[in-house]
Amino acid sequence: MEDSDSAAKQLGLAEAAAVAAAAAVAAAAAAAAESEAEEPVLSRDEDSEEDADSEAERETRRVTAVAVMAAESGHMDMGTEALPSPDEAAAAAAFAEVTTVTVANVGSSADNVFTTSVANAASISGHVLSGRTALQIGDSLNTEKATLIVVHTDGSIVETTGLKGPAAPLTPGPQSPPTPLAPGQEKGGTKYNWDPSVYDSELPVRCRNISGTLYKSRLGSGGRGRCIKQGENWYSPTEFEAMAGRASSKDWKRSIRYAGRPLQCLIQDGILNPHAASCTCAACCDDMTLSGPVRLFVPYKRRKKENELPTTPVKKDSPKNITLLPATAATTFTVTPSGQITTSGALTFDRASTVEATAVISESPAQGDVFAGATVQEAGVQPPCRVGHPEPHYPGYQDSCQIAPFPEAALPTSHPKIVLTSLPALAVPPSTPTKAVSPTVVSGLEMSEHRSWLYLEEMVNSLLNTAQQLKTLFEQAKQASSCREAAVTQARMQVDAERKEQSCVNCGREAMSECTGCHKVNYCSTFCQRKDWKDHQHVCGQSASVTVQADDVHVEESVIEKVAV
């Protein structure tokens, strides 16, 4: 009985030690997560090493064993030692018990629930324990990395490196089903990776060193709608920003942060829906008894700049082919868009030929630009003779002249030159191959040439007559312009003189009246006349007396009668 009682007590101590060890594992994971959250800035080498480790471990999908052992130095293993036999366990039952905790990575990223099985591996004589207890470590534990942890029963941790992600406190009991995802939390639905608590109705926010709680149901347009509670007071996002000392920024969406990111990120992912400035709902009016329509904020879409290049590909210019017809062999000039000219075949040009050729340009998408009738020396056209005939000899128009070939120095192959000439009467492409030219055709060409010279002479004469007429008209217009300018100048001088005569003597303005005594001084008003009268009265009286003396009438003595008094 005493052995059984002591074994039962040891069993109770072992179970208590297992629960305490599991709690220590969770506390160690939480401490590691907090240390990583407080120090998000890592060196470049550490980031690269952790990324490499996480990728390698995702591919292998390992299962890591976590061993929780007693404080005795003889059992300080990393989980590789075999479990003790029943006799050894009975001898060491008074000191410690070995418990194995297995943490398995979960393949699905949507289900972040870890289940931990704690099994009593030690055996006591006469009592074999086969019970299993399920523990839930946390819903949001990161599955990227998990390593071996050795925890003593006294709570001290031997190794906690490599465990990433926050962990919730251990909750002994049956395994709970995973928490369903909120709407919009599906994979690929948001731009940023958010914690599930972001879908709560209340969010802890911060602006500089001031923290508050944002209530989504009371969010308005930013300037209106007191949705942030700080202490016992309610503030709108703009007021909360100003209280934190960021009023000059005037951008509460980037000043106020949640989980290290500005609220603009929540708005972009559709988690927060601010109202428009013209909204008249209850939240914007700060009166929950109202029921006005809700107008959501619509972000402004920037227009594309006008100077942006079009998205359609630029059409490349196809090279143009220039064919000289007629010729002995088909010869093609290819003009590339860069301006380079390439030829195919050999050409022989007549430098001194005077054949009346016609340049015809035809628009064809396949062949390009075709010039027909160039001064190309053909096989049927002979060089001019040395007797004195300037015209070349054609087949069927032979005479007794001896045709001498060109000397080698005068051959056009050394300095080739293309001469294109055109006539108004012959600007037609040849429809048939070149045939023998008859004498009537040659005479017709000579007549057409003479007619064209006459036409050019008449045109030059008409141009000369027109130029002479234009010169005469130019001289007449020049004389008329000078006369008009002289008349305008004379009229202007007369007007200026009249203005000077009729100006007020006192102030210089335009005069409206004149002095009734002498009729020589003008005034604009009675005020100027009274002001100038002190000086003018002497001049006005003298001129009147002089006028009277000049008007005296002399009477002869014979006419005067003596009157007795």
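In case you wondered, yes, glycine gets a Cβ from its N, Cα and C as well.
Sequence-distant contacts of H536 (Zn(2+) 2 binding site), defined by Cβ-Cβ distance under 8 angstroms and a gap of at least six in the same chain, are V505, C515, V521. DSSP gives H536 (Zn(2+) 2 binding site) a helix state. If you look up Swiss-Prot, you'll see C515, C518, H536, C540 marked as Zn(2+) 2 binding site, on the strength of sequence analysis.
Summarising the annotation, Swiss-Prot assigns compositional bias 'Pro residues' to 169-181.
Swiss-Prot lists 193-273 with the feature domain 'SAND'.
Feature annotation from Swiss-Prot assigns phosphothreonine to T171 (among others); the stated evidence is similarity to another entry.
Annotated phosphoserine per Swiss-Prot: S176 (among others), in sequence order, evidence recorded as a large-scale study or a structure entry.
Per Swiss-Prot, phosphothreonine is recorded for T179 (among others).
Annotation source Swiss-Prot lists phosphothreonine at T432 (among others).
Summarising the annotation, Swiss-Prot assigns phosphoserine to S443 (among others). Long-range C-beta contacts of S443 (phosphoserine), restricted to its own chain and to partners at least six residues apart, with a cutoff below 8 Å, are absent.
According to DSSP, S448 (phosphoserine) sits within a helical segment. Its Cβ placed at the centre, S448 (phosphoserine) has 15 other Cβ atoms within 10 Å. Among the features that Swiss-Prot reports, phosphoserine is placed at S448 (among others), with the record citing a large-scale study or a structure entry.
As annotated by Swiss-Prot, region 'Disordered' applies to 29-62 (among others).
According to Swiss-Prot, the region 'Disordered' annotation covers 162-189 (among others).
If you average pLDDT over the region 'Interaction with LMO4' (403-478) in this model, you get 68. Taken from Swiss-Prot, the feature region 'Interaction with LMO4' applies to 403-478, supported by similarity to another entry.
Per Swiss-Prot, motif 'Nuclear localization signal' is recorded for 301-316.
Look at Swiss-Prot and you will find 504-540 tagged as zinc finger, backed by sequence analysis.
C515 (Zn(2+) 2 binding site) counts 19 other C-beta atoms within 10 Å of its own C-beta, drawing on all protein chains shown. C540 (Zn(2+) 2 binding site) sits 97 Å from S448 (phosphoserine), taking the CA atoms of both as reference points.
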